[in-house]
Structures are given as C-alpha cells and as structure tokens.
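Participant: My questions all concern the structure below.
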C-alpha cells in the first residue's frame with residue numbers, strides 16, 4: 001500500500017485544516033503531535049512520524065518523561081522538534097496542575113493522586129514532594145523536597161515543613177514515588193510517616209496523608225491506618 005505524503009492528502013483531511021474546522025478536541029493524538037512536528041522526513045510524512053513516536057514512547061506520558069537529548073537523537077526529530085514537544089507537554093502539565101491548585105479543595109487521596117500520579121509514576125528516581133494546603137484544603141503550593149534514595153536517616157524533618165511554615169499552611173500531604181512501580185509501603189516509609197505526623201503536631205501543621213505512588217497505582221497510608229495511629 002502506497003502512503004500519501006501530507007500535502008497529497010485531501011485538504012480537509014490534513015491535521016491543521018481539521019483542527020480549524022472541527023476544533024482540537026476532534027483530532028487524534030497523532031494529528032495533534034503532527035501539528036507540533038510540522039514536517040516529516042524523506043519517505044515518512046509528518047502524520048506517520050507522529051504515529052511512530054507515540055508508539056515508540058508509549059503515548060504522551062512516555063514523551064513527557066523521555067530524555068530531551070534522546071528525543072533530539074531520534075531520526076526525524078532533532079533539537080527544534082524535541083523542544084517543541086517538551087514545551088507543549090509542559091504547558092499541558094502546568095495547566096492541569098493550576099486548574100486543581102487554583103480552584104478545587106483536596107477532599108480525598110484520589111484528588112492528590114490525580115494531581116501528581118501521571119508525572120510521578122514514571123520518574124526513575126525517588127522524589128518526595130509536599131502539597132501545602134490552606135484552611136479550606138485548597139492547594140497553596142507543591143514542593144519537591146528530596147530527590148534520591150529516601151529513608152529516615154536522610155530526610156530532615158525541618159526541610160519537609162520549611163515551606164509550609166513560611167506559607168503559614170494549615171496542613172500538608174506528603175507524596176513520594178517508588179521507581180520500581182510497586183506502591184507497597186516499606187518499613188522506612190512507615191517510620192518516616194510517624195516522624196512527620198509527630199512533627200506536624202508540634203508545629204500545628206497537620207499531616208493529612210502520605211501517598212506512595214507506583215506505576216499507575218497509589219497507596220494512601222492514612223486510608224490504611226499506617227503511621228497515623
């Protein structure tokens with residue numbers, strides 16, 4: 001079967017024209033990515049290139065966490081296209097986060113997971129983040145406190161609460177990921193949780209929960225009654 005070059009497709013079937021006519025929501029993932037890429041390479045039109053990229057990287061999430069330099073080296077991409085992809089995905093990530101941060105209170109562990117799981121479940125190192133909340137449990141700020149192997153010996157309690165004290169936060173939620181993809185709490189996770197809960201009581205900043213994020217899954221230690229006895 002002979003594949004058509006992009007300019008050989010009927011005008012109404014080309015991604016930009018379809019977007020103008022039907023709106024961005026009507027486009028497939030490959031069509032949206034093709035608009036960012038703009039042009040293909042010899043023998044592969046831009047829509048085919050977009051389909052290949054999404055397949056190779058496992059969709060948008062894979063492209064979001066992909067190394068920029070690796071993308072640059074991919075045939076048909078290069079620095080300019082890689083930068084465009086990364087910038088567009090970062091805009092989407094910030095938009096998704098800001099809509100939750102600015103408008104909605106956190107009511108459940110699922111709300112926090114929805115805010116952070118897509119990004120954190122694919123990190124290749126452990127990250128510990130704090131979600132700072134006001135008196136109505138609206139998100140004030142999200143901070144990355146630590147990157148790397150986390151245990152009770154390396155975590156300084158003061159660092160975890162530093163921004164919460166500065167922002168006069170009413171509560172925090174602690175979130176960290178397991179790069180292995182398994183969200184089961186370790187003994188170290190439980191010990192750290194107990195230390196943080198105790199420190200929060202002294203500082204009058206409630207630790208509402210500690211979430212562990214794995215690959216497409218999360219565990220709420222509060223829901224399991226672990227570390228919050």
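Backbone N, Cα and C define each Cβ position, glycine as well.
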Participant: In Swiss-Prot, which of the ranges 148-161, 162-175, 176-189 has the motif 'JAMM motif' annotation?
Facilitator: 176-189
Participant: Counting across all protein chains present, how many other Cβ atoms fall within 10 Å of the Cβ of residue 176 (Zn(2+) binding site)?
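Facilitator: So the number of other Cβ atoms within 10 Å of residue 176 (Zn(2+) binding site) is 21.
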Participant: Going by DSSP, is residue 176 (Zn(2+) binding site) part of a helix, a strand, or coil?
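Facilitator: Once the DSSP labels are grouped into three classes, residue 176 (Zn(2+) binding site) ends up as strand.
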Participant: Just to be sure I understand, if DSSP states are collapsed into helix, strand and coil, how many residues of the domain 'MPN' (105-227) fall in each?
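Facilitator: Summed by class, the stretch gives 43 helix, 36 strand, 44 coil.
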Participant: Using a 10 Å radius around its CB, how many other CB atoms surround residue 178 (Zn(2+) binding site)?
Facilitator: 23
